[in-house]
Each structure stands twice: as structure tokens, then as C-alpha cells.
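What TrEMBL records for this protein is below:
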COMPBIAS  B:229-243  compositional bias 'Basic and acidic residues'
COMPBIAS  B:274-284  compositional bias 'Basic and acidic residues'
DOMAIN    B:8-30  domain 'Proteasome alpha-type subunits'
REGION    B:229-285  region 'Disordered'
């Protein structure tokens, strides 16, 4: 079984093999992510928060290459800062998603990251945008990262429009837990961020508090 | 307010001893030589009206437009050097387009106005270039922010307005605009008033033929800036021409009334207009007739 001599991880790219999810509800959004960062077979960080703020009420979820994703998030955070001062109001979620998409598309050959952008603004309420490979599309919910493949069936079956904030949070936690169980590159704790008109709330659900399913 | 800044007015990079930049002031005079453009913001949109003087019968109808489209939701009416104005409309279009490309939505009007004003201002800083010789009015409508109206002048200042006028008859136009209760009017009502104001301020003696350019943007057009449709325009022009005739009639009536007042009153009535000449303070029998003309304007 053990064919590796154990030092390959030093030279392999650091990926956030991941599960990320964002869901829209009436009045806001809920984002969720796991916390595992891997380099090959080695877990280099088991508590990384992959939900990165772009503005007060706009967050993005990182997946793919850790460096690429973080850098895109930091650049867009800066651009939105400048933009919100220029227009003298809070930026739209669509603006944040467009900025992320513009970078992802322009450098698509060099970068390997997928960011899901979600937040709340006063015009259109809660919104979730997927920006995979440089497209831009608004969706009721989005999943991403290596763990997402294992939960497409679950989210397709369980998602309903018109859920409340608490139901969305439970839906997100369930999805993350199932993905973490099956995907080797996802694990650790679950980070949940809920954004609505009144503010932003960050929460951590520790490993042993995650919901359990048939195999536990 | 005309003063000659001999020696200090040759370049925009020179202040005069009393702190003025004459080149910028001269640029504003260029705007005042042009025919009038007005725009008024009402509760559900913005209406533009331009008195476009027709200098030659050989021009194709509708040529030399003074109202431009900047992006779908923004209109721009100009006064001053038309070539400068056209170049600025391209600048505004580039700004709006680049904003949409970077941020994925319509540019907010205040931001567009700030950006173009900054550009205009940049040309007032150097001796190698001359300031733009045009003022322009930008207007737009958005379903969340409502109607907006901004005006930029050659010095690079931009302000938001409920109603504004630029060009040779701007004072007279402003007086007329101030009479309106625009915050309670709709676009349809306002179109007629705008047409009327342009007709009022048009000087029949000095300038002969003119074309009335009208456009609007508001709830009635779903947020798109467009030229006024033909039936609305005809209704507006008819209203404008009719109101002007009424005013002429009422002027004659006014004259007759005042004449009869002179003949019959023995003492000046309270509240008599101070512009009346005539020494009827001294001659209570009113043998002097003073004719008062009540032409409201220019």
C-alpha cells in the first residue's frame, strides 16, 4: 500500500481539495466550507477558513489551488474597497462576482481556482454567483471543490426554494458533513457564514458536532 | 461681469492677480454663445429639451444633434462648442462601457458625472491644451435610485439638480423652470412644459428657425434614454405654441387693463408694480398713460 517514500508532498502543489457551498434564501445567503488543505497525501492545514470576505456583506468561498484562490480573493477585496469609496455606497454582489470572473477568465491558463461569490445587497437581496473557469452565472445555490462531486445528488434532491435562514444553515452543514465523509481531500471543521440585511455572522461547527449519517 | 485679463489670460496654467483662471472663464463664455439646452427631473424620470438653431436651409433635418445617448440608461444634452461636446460624449461612453465591463452593471450617474468632470477638469490644468468649451447635462433613471440629473461645466465642476439650463437664455429658462413643481409631475406632463419653456426663451428676432430636440428617460421608457415619440412630440409642440399665443393675448389684455386703471384711478392702488413709469403720483387725474408691456421674457 505504501509506495510513496513520504517526501513527495514537499513538492506537490498545495490545494484546497475542498467542499464549498453557498445557498440563497429570501433575505440573504449562507456559505459553508470545510477546513482541510492538502499537499498530495499530506494535510498541511486542518483548520483553514476558506470563506473569505470581499466586503462587509459579500463573501467568497475558495477552492482549487490555495495560493491562486487566496490571491484572487485579496485582489478583489482591494478592488471592491476602492470601488465602494468611488461610488459612495456598498457594492453590489454582481460587481464582486464580475471582478472575480474578470481575473479568472483573463488568467484562466495560469490559474487553477474556483471561487463561489455570495452576499447581500439592497437591490436584489441575497445572491449566489458561480465563477468557474471564468463564467458568471447567478444560481439559487452552488457547490464546488473536489468534495462536491459526492453530494450533487444530495443537494439536488434536498434543496427547496423559500427555506428560512436556519433551514439553509442546516442544509449547508448536512452537505458539508456528507462530503467530508466521502472525499479524502475534505475534512476538519465546518465554517458557516450567514449574511443578511442585518449583518454577517460567522460560525464554526467542530468535527464531532457535525451531523452523522448512516455509517456512523 | 466682463473684465479683460490682459496678460494673465493666455494660458490655463496662469492665475490672475485676483485669483481667476481666465481661460476657464472664457470657455464658459463660449457656452453662453450657444443656444439653450434644459433638462428637468420629475418624480419618475428626466426630460431634456434643446433649442437647436438651424443655420442653413440646406441642412438635412435632424442633423447636428445636441442630445446624445451614453449607454442605454443615460442621456446627455450639450451646449457650447459642438465638436468639444462630441468628443466628451465619447469619453462618457468609454467610461460607462468600461464600468459595465469591470463591474457587471449600469454605471451610477453620480459616478459617471464625477469621472467625466474629472476629465474636463484635467484640461484646465495645463498650458499645452485648452479647456473644453462646452457644458453638458447628464440624466438617467434607475428603478432603485430613481431619476438623477447632473450638470458639468468647463471648469470641471459637477452638481446634481432638479432642473437646470445652459446656453444663451439660461437665466430666462431657469426663471421658468423655477415656476414648476417638478417633484410632483410625471414625465408626460413635463414634456409639454419643457417644450413650452424652449419656445418661450427662443428669441424670434435674433435667431430665426430652430428645431426642438426632445428626449426623455424614465419609468415611461423603462429606464432607456430615447427621443420623444412622434405623437408625444406633436402634442408637446402644440401645447407650447398654444401657450405662447395665450400669453400674447393676455399681454394685450394686460395693456388695456393698465391703461384703463390710469384713466379711472385717482391715486395709485396698493401693490402697483414699481416698473410703471408715469408721474401719476403728482397728477391724480391720470392724464399720463403709461403702457406696461408684460412680455414675460427675454
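Cβ atoms here come from the backbone N, Cα and C positions, even for glycine.
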Same chain only, please: residues at least 6 beyond the ends of the compositional bias 'Basic and acidic residues' (B:229-243) with a C-beta under 8 Å from a C-beta of the stretch. Say none if there are none.
188, 191-192, 194-196, 198-199, 212, 214
Run through the compositional bias 'Basic and acidic residues' (B:229-243) and tell me, per DSSP, how many residues are helix, strand and coil.
14 helix, 0 strand, 1 coil
Note the mean pLDDT of the domain 'Proteasome alpha-type subunits' (B:8-30), expressed as a whole number.
93
On the DSSP side of things, how many residues of the domain 'Proteasome alpha-type subunits' (B:8-30) fall into helix, strand and coil, could you say?
9 helix, 0 strand, 14 coil
